[in-house]
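What TrEMBL says about this one:
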- B:69-369: domain 'Tryptophan synthase beta chain-like PALP' (DOMAIN)
- B:Lys106: N6-(pyridoxal phosphate)lysine (MOD_RES)
- B:Asn132, B:Thr369: pyridoxal 5'-phosphate binding site (BINDING)
Protein chains: 2
Amino acid sequence: MKEVNLICTKCNKKFPIDKVHFRCDICNEPLELEEIKEGRIRKDNVFNQTIIERYADFFPFLDIDKDLSLGEGFTGLVESNKIAREIGIENLYFKNETQNPTWSFKDRGTIAGIQHAVKLGYKTIGTVSTGNMASSVAAYGAKANLKTYIFVYKDIADEKLNPIAIYNPRLIKVDGDYGKLYLESFKIGEENNIYFINSDVPFRIEGYKTIAFEICEQLDFDIPDYIVVPTSAGGDIRGIEKGFREFKNCGLIDKTPKIICAQASGCSPIYTAYKEKSDTVIKYENPSTIAHAIGNPTPPSGNQVLRMINWNRGTCVAVSDEEIIEAQGMLARTGIFGQPASAVPLAAVKKLREEDYIKKEERAVCIVTSTGLKYTAAFKKHNLRFEECNIKDLSKIVK
Amino acid sequence: MKEVNLICTKCNKKFPIDKVHFRCDICNEPLELEEIKEGRIRKDNVFNQTIIERYADFFPFLDIDKDLSLGEGFTGLVESNKIAREIGIENLYFKNETQNPTWSFKDRGTIAGIQHAVKLGYKTIGTVSTGNMASSVAAYGAKANLKTYIFVYKDIADEKLNPIAIYNPRLIKVDGDYGKLYLESFKIGEENNIYFINSDVPFRIEGYKTIAFEICEQLDFDIPDYIVVPTSAGGDIRGIEKGFREFKNCGLIDKTPKIICAQASGCSPIYTAYKEKSDTVIKYENPSTIAHAIGNPTPPSGNQVLRMINWNRGTCVAVSDEEIIEAQGMLARTGIFGQPASAVPLAAVKKLREEDYIKKEERAVCIVTSTGLKYTAAFKKHNLRFEECNIKDLSKIVK
């Protein structure tokens with residue numbers, strides 16, 4: 001691996017990357033890889049490239065194991081003039097992360113994490129997740145032929161459990177506090193030589209940078225005003241922001257967009273701290289939202305998201321379940337079906353436009369994080385319509 | 001549009017493309033666009049291209065309406081050394097069509113069909129489908145702001161109905177014979193100015209050519225021995241074969257692969273006709289298979305698939321539900337979760353390898369047509385495992 005360090009996001013203490021280090025032993029804050037200052041895009045044949053290869057200058061790997069890839073990334077960026085008009089904004093784009101191999105953005109973080117795990121000689125990986133990340137790590141573990149531990153919470157619905165179990169990991173439903181389980185997993189990992197690719201571990205964050213890189217390429221390096229990210233643990237939003245920052249360092253873009261941290265009102269610990277001008281996120285009591293996928297009451301990167309929003313000069317916003325469902329329907333009526341959490345950015349843009357925070361001449365990109373097929377209970381919240389008839393009456397009905 | 005004709009796949013009668021023509025008025029056989037003899041790939045920035053733009057020389061459109069796109073195509077090609085070793089074959093690849101905007105290959109055909117419909121001035125589109133194609137046409141109709149009719153059969157499960165309804169089309173459950181409904185829809189379309197982008201209409205077939213084009217690019221134009229396609233109506237397999245043929249015409253590749261038509265034994269009308277050396281596919285009575293998505297007992301392109309397999313020198317094969325489920329599990333254990341129909345090619349390769357039709361030094365590509373999330377009843381057929389414990393016992397369990 002290249003000579004890069006991990007660095008504490010709070011106190012700047014350095015850690016080497018040739019061992020696993022997830023959090024600072026002094027601050028208990030997340031670590032991240034030192035910022036890249038020089039790099040270019042490898043504009044080879046994209047049909048023969050993985051995302052880690054195309055943006056290799058922005059990763060610390062000297063060689064890349066192509067066999068670990070499931071074809072993650074290179075997802076679509078879809079512009080919707082229809083919704084832009086409805087909301088009254090110049091340009092509105094949706095980065096469709098449902099086009100990943102396990103149909104969520106998590107695959108980008110998993111591939112970076114598993115590259116690191118394999119380089120360090122690990123034979124076992126794992127994660128703690130309520131759904132999307134569990135499927136992702138189970139799938140990549142299967143591809144890499146690694147033993148894979150997946151810890152999920154006790155009350156997980158079968159609908160979420162089965163699409164994890166199908167990849168055949170060692171899947172354990174754990175009764176206990178989810179925030180504690182996150183930290184407990186690192187301890188178990190250390191004791192048993194398991195690399196836990198959890199929600200905000202440094203290499204997972206690195207993988208998410210590729211969302212920013214692709215948006216730059218897709219918009220021909222003409223950077224939008226806002227990137228709106230559904231935020232739970234805080235990993236995705238941190239990675240995306242870091243990606244833009246590094247492209248700017250390298251002269252590939254001349255400004256960075258404002259980053260919007262979008263949460264569900266029913267579980268909005270980061271938004272709450274931001275509003276209260278606190279620098280510390282505290283546990284969100286009695287969380288309840290239809291956007292389950294972003295329902296983490298104790299976000300491990302919460303404080304770092306607050307620090308990042310502060311220097312980036314973006315903002316935090318929270319939207320109600322009602323607004324989320326409305327946005328989910330609106331998004332589907334432009335051809336993109338995301339899960340409730342994935343509709344949070346659109347609901348946020350609508351709200352911020354109404355408040356005139358976002359101006360009508362501005363441009364925003366919403367991250368659609370995962371497929372609507374993964375959370376079918378949301379169907380009941382929509383007024384879905386169909387008719388019935390006999391084939392002999394069909395012609396009359398259509399007329 | 002360019003000066004190209006539609007041509008009957010059986011009698012060669014010509015039809016203009018400036019009107020909708022779906023089947024030959026003499027033979028009642030499907031039409032297709034005349035073969036392209038000259039063309040090149042537009043190797044512009046792929047991040048700013050749709051598939052129709054990249055392969056524009058192979059489509060009859062003079063201008064392409066980019067706004068109709070949802071970011072279809074450019075899906076991954078994943079090699080699995082693990083399964084290749086298990087089966088005893090040199091190279092085995094999976095073209096992961098679950099990475100399309102509505103998570104199936106259908107989106108490629110829909111984009112080509114809707115481009116044509118909009119060019120001809122249609123304000124209304126439609127389709128007849130049991131699932132994947134219905135979602136696809138509903139999504140693209142939503143994106144294009146066109147009125148969209150979706151006819152599904154009477155007994156469709158809610159699990160399939162909801163992911164169509166979410167895009168808000170005019171969705172009608174029709175009681176009657178599915179094969180008759182296919183033909184009835186064209187009549188209704190003619191009377192009411194609706195462009196039905198059904199399973200094997202000529203422009204849908206054109207869209208499927210892009211699967212072949214991408215495989216060529218992804219394998220650096222080193223063509224594999226076999227392409228294995230789950231086959232129902234016969235649209236996808238016809239498009240893929242035509243794609244390779246046209247790339248060969250244009251000197252982009254020096255040979256074409258053998259095309260394998262893979263069906264489920266429980267509904268295998270094309271395989272049955274092929275085995276009986278008949279040139280006519282007849283209705284498959286009492287169809288019953290877990291691979292619902294390819295359960296069409298009266299494939300409208302069945303006869304043309306027989307003619308094509310004959311000149312291409314590929315073959316037809318049928319696999320049991322047991323073999324399909326086994327293959328679905330095997331595929332998931334390499335990180336790709338397709339619906340049962342999408343596991344049919346892998347089951348077919350395994351069978352053809354056992355019969356020594358496919359040799360151990362050969363290379364095959366399986367088309368994984370759609371996501372496993374769309375048909376959850378299949379989970380019950382797998383022995384899915386999980387454990388349960390309290391957080392305080394977790395460390396002991398892992399040891």
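Glycine is treated like the rest: Cβ placed from N, Cα and C.
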Could you say whether, by DSSP, B:Asn132 (pyridoxal 5'-phosphate binding site) belongs to a helix, a strand or a coil region?
helix
Given the residue listed as 'N6-(pyridoxal phosphate)lysine' and B:Thr369 (pyridoxal 5'-phosphate binding site), what distance in Å do their CA atoms have, once rounded to a whole number?
8
Count the Cβ atoms, other than its own, that fall within 10 Å of the Cβ of B:Thr369 (pyridoxal 5'-phosphate binding site), considering every protein chain shown.
29
Within its own chain, what residues at least 6 apart in sequence put their Cβ under 8 Å from the Cβ of B:Asn132 (pyridoxal 5'-phosphate binding site), listed in sequence order?
B:Thr102, B:Ser104, B:Phe105, B:Lys106, B:Ala293, B:Thr369, B:Ser370, B:Lys374
Just counting, how many other CB atoms are there within 10 A of the CB of B:Lys106 (N6-(pyridoxal phosphate)lysine)?
34
Check the DSSP secondary structure of B:Thr369 (pyridoxal 5'-phosphate binding site), expressed as helix, strand or coil.
coil
